[in-house]
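Everything below concerns the one structure shown next.
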């Protein structure tokens, strides 16, 4: 699955190429173009192509609102207005294409975002590389006891060593057997001439879910922000969050004004239910409100106190 | 709805701008960039931005099929293979953004293609321009007597003149009343100070469906081809087909190899049902086959004979 | 466009039909099935079919979270949790199909929600009915002076009368000319045998945007909620909001627990930006915060004070 | 991942439940409702819910075409017309929901169809069951030498035995280690009290791609047909094709007229490129056409000869 020599050459050419264009161009992103941002132990994210910039969002909004936006004479103000009021179509006017290398179990979570275009490396056609994700020791966490979808303490000592050894050994062994079943030599000829070799589309089933795959993933800016809102969130699984964080760097370079508004109105924002709003108003009026009688469940109460920066 | 002075200036700047980019660039399309291709009496199509080229389709396919496509050493062959076998994802890796000016009744047909991004001029926020589509005399067709969705003979003489007069007069009158109800002067002040003026979101309902609107329309190449297959087809209504034809010019400049494959495997192709295939085989075997007993309805028989270039 | 006799008969049969099913069934919604909820002067919304219920949302969530939700032993609690944390896929497991009759300018706004299935009455194939929306006097509002997308005072006296008269007259006249151009008699024969009649696909362009159309609109519950959040909102245009309100009645009958959570966590909720949260915390700490120095624009300050129930 | 006792009970109740409904109901499908159609060694497909029937397709088309379809007085004819001319929206008016149990590598292929609603069992929240797909001996095929995505001869003797043993052993071993790392006993308490247990979201990465997962998969009829066209095709991988074939049975029971049209105009049909059409016409005119000079590649020539039932 590593890039072929031909592909690497193509990429080197792409990187050294310089063309003149009349399209909107973002120098800060041009600098990052094609460069792999490393993620996890063998993964990466790199931008392959993009369309549009901050100004393209503004331009699209102005086509919609026409003369109506004469007053909004400042682009930043307009972008912030659009973000605050959940206008989505102007953000759809920008597009970005990533090349991503990622473990299969991360890919399975990622693909649930359906509004993107994807071309994945095919293990039906081709042979997977011998690369798997093994967590760093500080990521080897126990199951959280309070949260069924979270992590607790970091495993220590013998248990940590044993887990690490099992992950390494099983991934190696299943890959070795995969290669053995395929029976393909370097030259494409059978490694062992007395055997036929199992079809690739079957042999792949012996690989573990931490095997790395890769894909091209293309999305518009609106859907990218939606992805980042869910996956750059502290509740997202660490192994996908680090990809989202790398993409946040791309976002900052590409559309800095949109990125700023996104931080203010999405990542750093909080939604209060009608009951939470009622409690907040009572608190502001000086009332002593307790969870009991607040109309909030214990969990919601805790969430609200956290948002408001108050002790639970 | 005509572009504001500020917008025109923006565009002039865009057109004269030259930037250096490392992205795939298509010189033939760069030449057409921002230029309005005229359509109908006041409409146009112009490319505002694009992402990718013929090579981007190939590159995406090669990520999917990896080493498996070493043999397909020719890009044109690979593109034709992908088109023939209905592979869609590699074509989704290219994107294009159009600015289109079109009559509302055409926009209503167009918008049924849901897999695109759209920002339309808003008559709720802004005032529509005084521009409507009036068919050219040679497009003023009677209802087809054989096809409920088609056109028949061109209207002549008094009937043609009357229709033309009605279309012109009604569009003018309803627009004048629209403006009168709005009661907005050039300077944004009430034209008649004794009246308040009807809200734009209400006044717009008095406009006729041939009033021009405009939008930004962004789509990936796969969905563009799907749109063109349906709308560049001789059965499509003339008023949308001319837009599709203008976009075909863009396609040829942008991705010439894809355009060629599209002509061969889509526009010029025909799908034969299992019964049609059976009839074709019998004909090739020298049998004399008649519609009765062919398993085809009269309509299907006619369609097949047309495909096969035989007299009905 | 009124239903044909054949269609009416079909519907009467549907309404009187009773079948036994093993599918989830909602008696409260069964009662409303096929019944037209009147909207505006000639429009309606009616439920034609549905799939799933409150329990189907829970069931889908439990497939996802498997044994993990043993603790969440109460369906209402689980539904509220899913809504609060923006889980969308369990809500996608319910589906509903509406038959809607609505003015064309409303349809144009509605269709921007792309994630639904639509079959609209075709003016290319068929003849439109002589029905147009004329606002009730209390809806005849002036343009808002403070908000470019809103309405201000209700028009009074001579201006109101004139506007009403213009809307009525233009809609009638353009429809009459539409019919005249078509030249089709009741019997499908030319009304005036000396004329051919203009093709339907052309004649329709003479109609005004308040002409009624109709469609079947089918969507999943998640996307219905998204539609309702935007269109049942006080900022939505009145003419589409009344459709959303009729659909809210359907929602209450169909999935009462989801509807309740939707009211609490969406319709009645508010999103606070990171700056708004910071101001709220300062206020709760007893600080005297002014707009200047708050980090909020005047508009955002006003919005926040409104959310918190404080004087601006 | 096997259904919990609570879920099984829910299902038993669903199966024995009988409710009265006014919705379109399909007795033949009601009989299959909830019943698992077995697929592969441990998988299944079962219908959980549905909306619409053959008549719903017709009804939607008639709303679109209104009076225009008075002539098409036969439902079957209309459905066949819609299918032949690639009308998609009337087919979108029916919906079906499946519960599917399938190996992960099949799920990864399946999920590429993005236009469906999915709720998958979450290995982040819950513990996977000890079930994996092991091919039947007659499916243990070698890599095809002519087709990079296909299978060749069935493996025999020692090679077959060895492959089978490797698949079985690796799946068992990686699952055992998965359970060991989790360290969860039957009672939810640590199996070994001296260890904390690895978080589920991490431990899952040790499983192989033939591990079974399950999901709810809901789609409209148009997209189901698209799925079936690609996956019930002889070129589809066997392991997904068998799921498509089970769903074909559902299709036949649910919408028999649509299913018949689908077989005639999709599954049994063939698309001829413009060059293929030209060759066919020449053959029909009695010309002796050879591949060289035909304008077709060797591969296309072979495909055409196959379609036309002629020797290559």
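The backbone N, Cα and C atoms fix where each Cβ goes, glycine too.
Summary of the site annotation: TrEMBL records dUMP binding at A:109, A:110, A:111, A:112, A:120, A:121, A:122, A:123, A:124, A:204. Screening the candidates A:84, A:151, A:231 against this entry identifies A:231 as the one listed for that site. Its Cβ placed at the centre, residue A:231 (active site, involved in ionization of N3 of dUMP, leading to its activation) has 22 other Cβ atoms within 10 Å. Here the Cα atom of residue A:89 (FAD binding site) is found 21 Å from that of residue A:231 (active site, involved in ionization of N3 of dUMP, leading to its activation). All protein chains included, residue A:109 (dUMP binding site) registers 19 other Cβ atoms within 10 Å of its own Cβ. Note: A:111, A:124, taken in sequence order from the binding-site residues A:89, A:111, A:124, A:221, have a C-beta within a distance under 8 Å of a chain D C-beta. In the three-state DSSP classification, residue A:120 (FAD binding site) falls within a strand. Proximity to chain B (Cβ-Cβ distance under 8 Å) holds for the following binding-site residues out of A:120, A:122, A:221: A:120, A:122. The local packing around residue A:113 (FAD binding site), expressed as other Cβ atoms within 10 Å of its Cβ over all shown chains, amounts to 17. Residues A:89, A:112, A:113, A:114, A:120, A:220, A:221, A:222, A:226 are the ones the record ties to FAD, and the longest Cα gap between any two of them is 27 Å. Of all the recorded positions in the list A:109, A:111, A:231, the shortest Cα-Cα distance to residue A:120 (FAD binding site) is found for A:111. Between the CA atoms of residue A:111 (dUMP binding site) and residue A:226 (FAD binding site) there is a gap of 13 Å, rounded to the nearest whole number.
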